[in-house]
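Novice: Just dropping this structure here.
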């Protein structure tokens, strides 16, 4: 295993940057917490409100996709730490593909909902909320995929190992967060369907 | 939001470049990543925005004072918005909206926190820069673009947003409702989205820097109160601004996509709108969940700055340092559970109203703790009335006089008659507007030598203070009485109503006071900009301060300290310590160099240090400390 020396100030900086990501995730979580409380307040406002439909099966498949991708990104991170660069590249690419798959699975689920008449522009805004939750989450997924691509590009360009591991560390953390966020949203919607 | 993650990883590339740094004009003055330059950028942008917002207020004050008079000059500048020399009603609404938005968000949030968090967090904690300088730069540029877009809304055909700074739907959600809800509202929403991105980027950085990058010896309880205040402000911002994002996103969907989150049963200009089933109250909940913490985002930095300035210029330790910190923490927590007091008259369940009333009134406790501590710090101090000190004392004055009326407004029964009257306008302009702007100005006068290496002119500072201080009271105090009489806020020509006719003379008086106070700001503008180039050169520590920023060289350098970062040994408020030959001891002076003034509690139970101190006292037979230890 290769050891690289870093001066202390640089180490503090990396620690602080990782901390920034944690804070950012708290901010993102607050945004979804606000949407959840908005949903609850809205839905409690009348008997004619509520999701009033069974969530499409596609959401189960997308959940599987994102859980598997969480495993692959973790394996990619472990590979990066052990300097198994080919394995890291492969697993990263798989994670990105799973992420893209998740994206399209969600879009497909929208199609299923729309076909059922559960549309975005709806006088029962509880149903519109399904699109807002998943849409805002997808916006974050796009950002997450960009972070993954950036880690992959860094690996291909052969950046120093410290930076490679650091990028992977942040990418893995963020990607796990997006997975948890989706599970939270899905469970929240399931409990309210 | 997504930018955070990107920036967090992006900036990895940038941190290796201390020391070997090629600075061109662009990287030094424009796309700077240096916290000191970013602080200046925030400050100057903030000042420009403040001037704009102040001019807007003068325009609507003119309308309120002389509703029947024509001012042809207005038509020259404003064209169709002031046809025949009179501000037209729709433009009046736009003026109050944009005045509020700019003052609350662009001046007192970004201008205040942006300037002083950027300047002081690395300086007072002993850090070379922020955790992520790149995110910091992004934070400023998002803010700058947000400013440009907000100003640009004056140049669109239908005019700027006009639904009030709280942009309540349905007015803001139906583009056809008033001209201001058309393109102007869209620009407002875009601008605020960028603004929130800026605040979140900045705030994350502030928190992370405070928690991770303090110098050796700087534990949390040795941090100056400025840092505590800015740190807690950033936490409040991080938790509340994302909620506004959610509220705004839903509003955008309602406006542009036809959803019905907030809209229901509307008839606009004879047409029935298709939206059904929405709840405008939902918006108010989401908005005020940000909106009330926002009040403390505006106020807490001012509290922090004045703590520092009052202690330094009273030459006394701040009274009740721990109580000051705990009251800030108390305000931070309480700020999240009081938002309902903005909504007492929305048909809220009276029981819920009672809960919000109690939480609101409890905020008076930490606020009073702070006020009494300020007064106790001033009490028998060796006070130096610098302009910064005057503004700090002015801040305390406004905090008291504005805070007292909060007790009335926080009462759900009284609020029924006071809601949306000039009483509210008077209350928040004193406690949040004037108090915070005084805190900001106090900071500018005090830290100007650190920002620009020169001193501001004191005489102009005094002139500025008295004109602003008296002006602010003359403008806002009479509004209490109007509010008690039932005069509603945001009305274009309320003196047309017979029962409010009598207030026309007060309106004239208030407008003249506002004009004089506004002219008084020229003293500041002139002083500020001319001192940047031709002020008296500052010494390294002009105020005899203890905090770390005054140990840096006057000339700004990359990385702040030329050699090693200094180590901190003591709290920042050792002013006029008995037994010491000077009336201040900087945080960097170890106790071993101040044997004649050390007190038993300085050693925090370190037995070895106490023993050394006792031996020294026996050897030197120091009467001062002996008396203390007996």
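Placement of Cβ uses the backbone N, Cα and C atoms for every residue, glycine included.
Automatic prediction, not curation, is the source of TrEMBL annotations.
Reproduced below are the annotations present in TrEMBL:
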- B:20-569: domain 'Cytochrome oxidase subunit I profile' (DOMAIN)
- B:42-62: transmembrane segment (TRANSMEM)
- B:91-117: transmembrane segment (TRANSMEM)
- B:138-156: transmembrane segment (TRANSMEM)
- B:185-207: transmembrane segment (TRANSMEM)
- B:227-253: transmembrane segment (TRANSMEM)
- B:286-306: transmembrane segment (TRANSMEM)
- B:318-339: transmembrane segment (TRANSMEM)
- B:351-376: transmembrane segment (TRANSMEM)
- B:388-410: transmembrane segment (TRANSMEM)
- B:422-448: transmembrane segment (TRANSMEM)
- B:460-483: transmembrane segment (TRANSMEM)
- B:503-529: transmembrane segment (TRANSMEM)
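I'd like these features described in context: how deep, what's nearby, how far apart.
Specialist: Per-residue pLDDT, averaged over the domain 'Cytochrome oxidase subunit I profile' (B:20-569), rounds to 94.
Panel annotation: around the transmembrane segment (B:42-62), residues 71, 74, 87, 92, 95-96, 98-99, 102-103, 106-107, 110-112, 114-115, 118, 140, 143-144, 147, 151, 437, 440, 444, 451, 510-511, 514-515, 518, 521, 525, 528 of the same chain, lying at least six beyond its termini, place a Cβ under 8 Å from a Cβ of the stretch.
Sequence-distant neighbours of the transmembrane segment (B:138-156) (same chain, 6+ residues past either end, Cβ-Cβ under 8 Å): 3, 7, 31, 38, 41-42, 45, 49, 52, 98, 101-102, 106, 110, 114, 183-184, 187-188, 190-192, 194-195, 197-199, 201-202, 205.
Packing against the transmembrane segment (B:185-207) from elsewhere in the chain are residues 1, 3-4, 7, 101, 105-106, 109-110, 113-114, 117-118, 121, 130-132, 135-136, 138-143, 145-147, 149-150, 152-153, 156, 160-163, 167, 172, 175, 230-231, 233-235, 237-238, 241-242, 244-245, 248, 251-252, 255-256: each is 6 or more residues past its ends and has a CB under 8 Å from a CB in it.
When Cβ-Cβ distances below 8 Å are used as the criterion, the transmembrane segment (B:227-253) is approached by residues 1, 109, 113, 116-117, 120-121, 124-125, 167, 169, 172-173, 189, 192-193, 196, 199-200, 202-204, 206-207, 210, 259, 261-262, 283, 286-287, 289-290, 293-294, 296-297, 300-301, 303-305, 307, 324-325, 328-329, 331-332, 335-336 of the same chain, each at least six residues removed from its ends.
Long-range neighbours of the transmembrane segment (B:318-339) within the same chain, counting only residues 6 or more positions beyond its ends whose Cβ lies under 8 Å from a Cβ of the stretch, are 221, 225, 228-229, 232, 235-236, 239-240, 285, 288-289, 291-293, 295-296, 300, 303-304, 307, 310-311, 356, 359-360, 362-363, 365-367, 369-370, 373-374, 376-377, 379, 410, 571, 573.
Counting only same-chain residues 6+ beyond the ends of the transmembrane segment (B:388-410), those with a CB under 8 A from a CB of the stretch are 299, 302-303, 305-306, 309-310, 313, 338, 341, 357, 360-361, 363-364, 367, 370-371, 374-375, 378, 418, 423-424, 426-432, 434-436, 438-439, 441-443, 445-446, 461-462, 465, 468-469, 472-473, 477, 480.
Within the chain carrying the transmembrane segment (B:422-448), a Cβ under 8 angstroms from the stretch's Cβ atoms is held by residues 43, 46, 50, 103, 107-108, 111-112, 115-116, 119-120, 295, 298-299, 301-303, 305-306, 308-309, 312, 386-389, 391-392, 394-395, 398-399, 401-403, 405-406, 408-409, 454-456, 461, 464, 468-469, 472, 475-477, 479-480, 482-484, 487-489, 524, 528, 531, 535, 543, 549, all 6 or more beyond its ends.
Below 8 angstroms of C-beta separation, residues 386-387, 390-391, 394, 397-398, 401, 405, 418, 421-427, 429-430, 434, 438, 441, 445, 503, 506, 509-510, 513-514, 516-521, 523-524, 526-527 of the same chain, each at least six residues beyond the ends of the transmembrane segment (B:460-483), sit close to that stretch.
For the transmembrane segment (B:503-529), the residues of the chain that approach it from at least six positions outside its boundaries are 47, 51, 54-55, 57-58, 61-62, 64-67, 441, 444, 448, 456-457, 460-461, 463-464, 467-468, 470-472, 474-475, 478-479, 481-482, 485, 487, 494-495, judged by C-beta separation under 8 angstroms.
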